[in-house]
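Q: Got a structure here, written out as C-alpha cells. Questions coming.
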Amino acid sequence: MKLLPREIEKLELHQAGFLAQKRLARGIRLNYTEAVALIATQILEFIRDGDKSVAELMDIGRQLLGRRQVLPAVLHLLYTVQVEGTFRDGTKLVTVHEPISLENGNLELALHGSFLPVPSLDKFPEVHEGVIIPGDMKYGDGSIIINHGRKAVVLKVVNTGDRPVQVGSHYHFIEVNPLLVFDRRKALGMRLNIPAGTAVRFEPGERKSVVLVNIGGNKVIRGGNGIVDGLVDDVNWTVLMETMERRGFKHLEDIDASEGIAGEDPRFTTMISREKYANMYGPTTGDKLRLGDTNLYARIEKDYTVYGDECVFGGGKVLREGMGQGIEQAEALSLDTVITNSVIIDYSGIYKADIGIKNGHIVGIGKAGNPDTMHGVQNNMLIGNKTEVIAGEGMIVTAGAIDCHVHFICPQLVYEAVSSGITTMVGGGTGPAYGTRATTCTPSPFDMKLMLQSTDSLPLNFGFTGKGNTAKPLELRHIVEAGAMGLKLHEDWGTTPAAIDNCLAVAEEYDIQVNIHTDTLNESGFVEHTINAFRGRTIHTYHSEGAGGGHAPDIIRVCGVKNVLPSSTNPTRPYTKNTVDEHLDMLMVCHHLDKNIPEDVAFAESRIRAETIAAEDILHDMGAISIISSDSQAMGRIGEVISRTWQTADKMKAQRGAIDPNMADDDNSRIKRYIAKYTINPAIANGFADLIGSVEVKKLADLVIWQPAFFGAKPEMIIKGGNIAWANMGDANASIPTPEPVISRPMFGAFGKAGSENSVAFVSKAALRKGVKELYGLKKRVVAVSNVRQLTKLDMKLNDALPEITVDPETYVVTANGEVLTCAPADSVPLSRNYFLF
C-alpha cells in the first residue's frame, strides 16, 4: 500500500466519519466531533468520485446536515470544516463555511456511499427547549472609545498612484507611500485613529479625509521608509522637507485641517461597540463569557490592555517593525514569547492582559508592545524582533493543571494528561504491577531511579512518592534520599497508627508531604483514632469522601480538621445518577479483590455511599475540600480532572445558586474557588507553589490556552516552560494548519531534549543534596520541594473552610455545622456529549 502518514490519518478520519454516519442512520443527533467527521469524510469521498469542483463541494458541504441532525450546541461550535483531497488536478483545499445552515440536511448525500439506510426526518424532531450557547458572551454597557485623550487632526489624502494603497492602524503616517498626497507636517508623530489591526484603503485617484492621532509612548519613529528616525520632538522640519523632496515624498499643506482631542469631540472620536470590540480583541472589563457549555459565566474584572493600542499580529496589523514591534529593544527586556489580549482565569483573578514569557518563565502580565509608540507598555514586556506571538484574542489562559494523585500504571497516561491540560503529575508506581494498580507508591530506590529516568524527556513536571507504610524510619529515609518528593500511606499496605506516626515523623525530618489513604476496614481504629495519630501534623488526605478508600463511613470528617489538606478523586465528581452503580466493579479490580469472597465484597460495598458522595459535592462548593485529582486508572480518570471539576461547579450552581449573593450576576467567586482546586492548592500542598500552580510573574510558563466554547473539555494549546508542547493541529501535508483531521498532537516542545529543558523533576531536599540529578544522569531541572510541614487548611486558597462534620453511622447522613448536606444526583452534566466521540 505504501501509505503515507497523511493517508493513515485520513483513514482515522474516515472511521470517525463512518461511525457518525451509523449514528445518524439510526436517528442519533450528532455532536461537534461527529458532525465534523461526517462532513469532512463525505467531502473526501465526493473528491474521489472525481466529478465535482472545489466550488461545488463547498456548497454540497453545507447541505449534508441540518439543525435537526445535530445537537443544539453544535450550531454554535461548528463554523467551518476544511479538508484537503486529491482532485483530478492535484491536491486542493475545500472549505465549508457555516456547514449547519439548513433546517434539515440532505441525508441521502450525508450517507452517500455508506450503504446505510436513510432515516426518516421524523426521527429528528424540532427542539424547543432553551439552547445553551457554548462560549457565549454577554457584553457590558456602553461603547469603547479608542485612543481617548490624544491630540487628533483630520487630513485630506489623495492617492496619486496607479495602484491601491492600504495603511494599517499603527503605521507612522508620515512614512506612508510617497504618492499619497497630504500635509505630512501635520501628520508628523501621528497615526490613523482606527481600531488596532485594521486599515484604511486608498484606491487609485481616491480622495478621502482621515482622522489621525498622536502615537503613544515615548513618541519615537523608526522604520517605515526611514524619513524620520528618532524622537518626534527632535525632528528638524527643514531638513525633513529636503529629505522628502529628494526622495519624492509628496506633501501638500492642508490649511483647513481641523484639530481636537479624541474622546472629547465627536469629530475626532472613534467608538466601537462592545460586541465588535470583543469579537476583535476578546471581552473587556465588565463583559462576561460562558465557560464551555456550563452555566458558569466569568466576568472580566480588569483589562490591562490599552484601548486603541492592542497588540495584534498579522498582515497589515500592529506587531510590525517600528509599530507595535520595537527596534533594537534591550535584550534583557525583550520577550521571547507574548500571548496577546488573553482572558486569564486564575485563583488570583479573572482579567484581560498580555502575558510575557522569557527563558521559560512568566516575566510580565499586563500591557506588552513597543514603548516608543504605545501607551502603558510595561518595562519588561517589550516586543522586539526576537519575540514570537501567540494570538490570545478571544481565548482563555489558565495555569497548567496539577494532578497530585497519579498511579503511574502506564506511560500512556502522560499523553492523555497533557492533552487535557495537565502539566504536572505527582504520585507513585512502577507500571502495571498490582501494587501500582492499587497504590501510588514507588517503593524502592531502584524503582525511583527508573521513574525519574523514564520520565526525563517527557514534557511534564513529575514528582514521585515513596511507600510510607512501615513503623520504623530507616527504609523511609532510603526512599526519600533516593528521590521521593513525598510519602504515601495506603491501606493496602497497612495504614496503621504506628505507620502513620512514623511516616509523619520522617516527613517532618525531611520537609516533605505525606499523602494518606486511610483504613476502610477500621481494623486498627476508627477515623478519630487516625486523626489522633496525626497529632496535629500536616497531612494530605486522598479521596476524603471515601469511595476511593478510607474509614467507612465517616472519613469525610477529616474535611473539618485544620491540619488536614483534603482532596477528592474524580470518579465521584460530581454526584450523578450512575455514579454509585459504576463503582463496585471499579473497586474490585483496583484493589485486587475477589467477588467470590463475601468479605471482599462487603469491603467494597462499605466504601460506596450515595449520601457521602452527595455531601462531597456540597463540601467542595463550601470550600471545605481543597483539591481535585484523578486517581488515574485506579478508580480515576486522568483526562477528566479539569472537566469534572467544572461539572461539579456547574451542578452546584444549579442546585445551590450563587456563592456570593452580592455577585449573583456572575460566577467569579465560584470559578476562582474551583480552579484553585487543580492549580494553586495542589502546588501549595506539595511544596512547589513558588514555581508552578498559577498565572503569576516569576513562575514557570506552564499555561493552557482554551477556546471559550471548548473550555474544560478540549484545550487548544498547552505551553510547557514557555514552549508549545501540545496543540490542536491538522493535516501536516495541508496548505494551512487547520484542515481535518485536527488532532491534539505533540509539538516541538515535546520532542528531543525539549521536554527535559522545559520541565522539572521534583525531589526532596535530601535527594537534591545527594546529587540524584548527576547520579541518575537526569537532564531535567531538579528542584526540591519545601515548606510543607507547617501548612494548614487555612493555607488552601479559597478552599479553607473548617466545618464541624458528622456522619450518622447507620444512615450515612452528613452534617456540617449542624446542617444536613444532601443534594440530588445530576441526570446530565456539561462538557460531555457535545464534545466527545465516545
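Placed from the backbone N, Cα and C atoms, the Cβ positions cover glycine too.
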Q: To which of ASP256, ASP265, ASP621, ASP631 does Swiss-Prot also attribute binding of Ni(2+) 1 at the site defined by HIS405, HIS407, LYS488?
A: ASP631
Q: Going by Swiss-Prot, LYS488, HIS517 bind Ni(2+) 2; tell me which of HIS529, HIS543, HIS551 is listed for that site too.
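A: Within the candidate list, Swiss-Prot flags HIS543.
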Q: With an 8 Å cut-off on Cβ-Cβ distance and a minimum sequence separation of at least 6, pull the same-chain contacts of HIS405 (Ni(2+) 1 binding site), or say none.
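A: When sequence neighbours closer than 6 are ignored, HIS405 (Ni(2+) 1 binding site) has VAL426, GLY427, THR440, ASN515, TYR542, HIS543, SER567, THR569, SER629, SER630, ASP631, SER632, GLY636 within Cβ distance under 8 Å.
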Q: Note the Cβ centroid of HIS405, HIS407, LYS488, ASP631, the recorded Ni(2+) 1 site, then list each other residue of that chain whose Cβ lies within 8 Å of it, in sequence.
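A: The answer, listed by sequence position, is VAL406, GLY427, GLY428, THR439, THR440, ASN515, HIS517, TYR542, THR569, SER629, SER630, SER632, ALA634, GLY636.
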Q: Just jot down the residues in the same chain as HIS490 (substrate binding site), at least 6 apart in sequence, with C-beta under 8 A of its C-beta; none if empty.
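A: Within the chain, HIS490 (substrate binding site) has Cβ neighbours under 8 Å at ALA438, THR439, THR440, CYS441, LYS467, ASN469, ILE516, HIS517, GLY549.
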Q: Taking the centroid of the Cβ atoms of LYS488, HIS517, HIS543 as the Ni(2+) 2 site, which other residues of that chain lie with their Cβ within 8 Å of it, listed in sequence order?
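A: Those within range, site residues removed, are HIS405, THR439, THR440, LEU489, HIS490, GLU491, ASN515, ILE516, THR518, THR541, TYR542, GLY548, GLY549, GLY550.
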Q: Within 10 angstroms of the C-beta of LYS488 (Ni(2+) 1 binding site), what count of other C-beta atoms is obtained when all protein chains are considered?
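A: Around LYS488 (Ni(2+) 1 binding site), other Cβ atoms within 10 Å: 30.
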Q: Look at each of the recorded positions, HIS407, HIS517, HIS591, and point out the one with the fewest other Cβ atoms around it within 10 Å.
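A: HIS591, out of the recorded positions HIS407, HIS517, HIS591, has the fewest neighbouring Cβ atoms within 10 Å.
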Q: For LYS488 (Ni(2+) 1 binding site), which of the three DSSP-derived states applies: helix, strand, or coil?
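A: It is in a strand.
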